[in-house]
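See structure below.
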Amino acid sequence: MSTTLLRTSTARSALRAASSQNSKRVGLAGVAFARGKATLPDLPYDYGALEPAISGKIMELHHDKHHRTYVNSYNQAEEKLAEAEQKEDIPSKIALLPLINFHGGGHTNHTLFWENLAPKGSGGGEPPTGGLSKAIDTSYGSLDAFKEKFNTALAGIQGSGWAWLVQDTQTGSISIKTYANQDAVVGQFRPILGIDAWEHAYYLQYQNRKAEYFKAVWDVVNWKAAEKRFK
């Protein structure tokens, strides 16, 4: 594979490591923030590592262009919000909230999405085990039946959005829910596994055959990451 598609950058990692020592970092659903700024996460695999399910070119554009835009736009909106708060400009603060929701959600959702994927041979496609496997069998009958219902939910999304396997934080039960645009899973539900149904996630490779993408993506789903979120 071309070295231009490698995600590991020694220089970048060193800079981030140095920054993390000097900055207060907090975690929100696996999303990293430094001094209030969101940061684009490095992928733990090469862009082309998920082929043939997801092409290297899609992964490069999706991560380095689309996700980076959400990060940058979120940080810009947060800076404007801080200025509005200093001025006690309530109308401006209200106007900024949709931008923060959209771009912050885009950053959160994509960070979880990259963790939910893994190359074959590194966990990708291996079925869930333990408590999550039992919960899926109890709620849906089998893993195959769950995938079928999940893909039906994905196909039913009008426009852009996500489908998620979520866990109710109050009852512990799991369910499949769809969210429009970049709305994040927050509040009563905990995100366990999400699949991006935006066109930029598949169109370059699958064009209008999105059902093929929904089927193929399961070959690289990282159930081990999902199991860690399941309580």
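Just so you know, glycine gets a Cβ as well, placed from its N, Cα and C.
Where the annotation comes from TrEMBL, it is an automatic prediction and has not been curated.
What TrEMBL lists as domain 'Manganese/iron superoxide dismutase N-terminal' is 39-118. Feature annotation from TrEMBL assigns Mn(2+) binding site to H62, H110, D196, H200. Summarising the annotation, TrEMBL assigns domain 'Manganese/iron superoxide dismutase C-terminal' to 128-229.
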Q: Pull the DSSP breakdown for the domain 'Manganese/iron superoxide dismutase N-terminal' (39-118) and write it out as helix, strand, coil residue counts.
A: 61 helix, 1 strand, 18 coil
Q: Identify, among the binding-site residues H110, H200, the residue whose Cβ has the fewest other Cβ atoms within 10 Å in this structure.
A: H200
Q.
Using the Cβ center of H62, H110, D196, H200 as the Mn(2+) site position, which other residues in that chain lie within 8 Å, going by their Cβ?
A. H63, H66, H67, F113, W198, A201
Q. For the domain 'Manganese/iron superoxide dismutase C-terminal' (128-229), DSSP counts of helix, strand and coil?
A. 49 helix, 24 strand, 29 coil
